[in-house]
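Undergrad: Following this message is one structure expressed as structure tokens.
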Amino acid sequence: MSLGTSEQSEIREIVAGSAPARFARGWHCLGLAKDFKDGKPHSVHAFGTKLVVWADSNDEIRILDAYCRHMGGDLSQGTVKGDEIACPFHDWRWGGNGRCKNIPYARRVPPIAKTRAWHTLDQDGLLFVWHDPQGNPPPADVTIPRIAGATSDEWTDWVWYTTEVDTNCREIIDNIVDMAHFFYVHYSFPVYFKNVFEGHVASQFMRGQAREDTRPHANGQPKMIGSRSDASYFGPSFMIDDLVYEYEGYDVESVLINCHYPVSQDKFVLMYGMIVKKSDRLEGEKALQTAQQFGNFIAKGFEQDIEIWRNKTRIDNPLLCEEDGPVYQLRRWYEQFYVDVEDVAPEMTDRFEFEMDTTRPVAAWMKEVEANIARKAALDTETRSAPEQSTTAG
């Protein structure tokens, strides 16, 4: 049986579109800075090309295009010699400013021997690289804020995770407005949710309560009450989340980093890391163990996200209900990083606020949690009584 014309016209079709051909303008984190300070060159596939990353004699990290402008050798397979990176093909020595400094077998270096040097930022133990399709340097007002705990002995060192994801990086950006997925995908329970977009910053403020159906309190363990999360993207790919876990009688303060850089239009490297504030309850090794436990918990959450992304389709025209977040407004904000600077429109950067009315979601989710707990209790009762019935029958 075929549908009539009127019924056919009512069907909502998905507009998948295609990912932007260019990569986002902004600061992108490449990982822990210390990993690049071992005296060796490192290759990084990013922005549709290959980069070489190394630290000079002053421990200052340098980044160039990886392919030598002489004959195309891969500089990331070369050697660090003094402050320069030496090509493995003919030993041309390239400085951090992109200029060829020395050719051992040549009388002179050609004046035009220059490759692309990338702006870097080594801050709070993290390495950032600036990407701009127009080739402009980073503006003074587009910055990554300092993370006080990252350089303090009162906090742990970074616990860091890295994985590749085979999809366009817009998928992870959408999560900042998607309150409902925290309940259904991550088994969290948001009770307050607000977004603020302004300039190059997009923020999410969330409060959550513990879920006894999915993460029941274990006897002898601290009881979690809930969590407070104040998370902001500074630019297209780097999020700082001031995350507080609330337990009976005390809180645990942490900072979660959620960041990525594009490899190609359909692949990105996802990284996330955590530090935890030490306290009388969390000293020394115990604080680091807590950071690792929290980090492993966050890792499971990202694995849940990745499984969704792996199987979903790109959708440029999502069909939303009132209790969905401001997806279209977020995507307008995100678009500013994919157009030339002179084409950034006010609607991409003007302040926008949206606080979710959580009345309906919280009521529905509470019923679901209660039903899950009741179902589990009935199953436990049935399981415990089964052996007794078997013995009586015998």
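Yeah, the Cβs are placed from backbone N, Cα and C, and that goes for glycine too.
Not my notes, these are from Swiss-Prot:
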BINDING   C68, H70, C87, H90  [2Fe-2S] cluster binding site
BINDING   N175, H181, H186, D305  Fe cation binding site
BINDING   Y245  substrate binding site
DOMAIN    27-129  domain 'Rieske'
Undergrad: Compare the C-alpha of H90 ([2Fe-2S] cluster binding site) with the C-alpha of each of the binding-site residues N175, H181, H186, Y245, D305, and give the closest one.
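TA: Going through N175, H181, H186, Y245, D305 one by one, the closest to H90 ([2Fe-2S] cluster binding site) is D305.
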Undergrad: Drop a 10 Å sphere on every Cβ of the binding-site residues H90, H181, H186 and tell me which sphere holds the fewest other Cβ atoms.
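TA: H90, out of the binding-site residues H90, H181, H186, has the fewest neighbouring Cβ atoms within 10 Å.
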Undergrad: Roughly how many Å separate the Cα of Y245 (substrate binding site) from that of H181 (Fe cation binding site), to the nearest whole number?
TA: 20
Undergrad: What does DSSP give as the helix, strand and coil breakdown of the domain 'Rieske' (27-129)?
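TA: Taking each residue of the domain 'Rieske' (27-129) in turn, the totals are 7 helix, 47 strand, 49 coil.
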Undergrad: Have a look at the binding-site residues C68, H70, C87 and say which one has the shortest Cα distance to N175 (Fe cation binding site).
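TA: Comparing Cα positions, the closest of these binding-site residues turns out to be C68.
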Undergrad: Please report the Cα separation of C87 ([2Fe-2S] cluster binding site) and H181 (Fe cation binding site) in Å, rounded to an integer.
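TA: Pair distance, Cα basis, whole Å: 48 Å.
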Undergrad: Which are the residues of the chain, C68, H70, C87, H90 excluded, whose CB is within 8 A of where the CB atoms of the [2Fe-2S] cluster site average out, their centroid?
TA: R69, M71, G72, G73, L75, F89, D91, W92
Undergrad: Round to a whole number and give the Cα-to-Cα distance in Å for the pair D305 (Fe cation binding site) and C68 ([2Fe-2S] cluster binding site).
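TA: That separation, Cα to Cα, works out to 38 Å.
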Undergrad: Taking the Cβ of H70 ([2Fe-2S] cluster binding site) as reference, which residues of that chain separated by at least 6 in sequence fall under 8 Å from it?
TA: C87, F89, H90, W92, C100, A113
Undergrad: Around the Fe cation site formed by N175, H181, H186, D305, which additional residues qualify by having Cβ within 8 Å of the site's Cβ center?
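TA: Output for this site, in sequence order: D178, F182, V185, G301, Q304, I308.
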Undergrad: Taking DSSP as the reference, which of helix, strand or coil describes H181 (Fe cation binding site)?
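TA: It is helical.
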Undergrad: Could you tell me the C-alpha distance between C68 ([2Fe-2S] cluster binding site) and H186 (Fe cation binding site) in angstrom, no decimals?
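TA: One finds 45 Å between the Cα atoms of these residues.
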Undergrad: Along the domain 'Rieske' (27-129), what average pLDDT does this model show?
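TA: In the predicted model, the domain 'Rieske' (27-129) has a mean pLDDT of 98.
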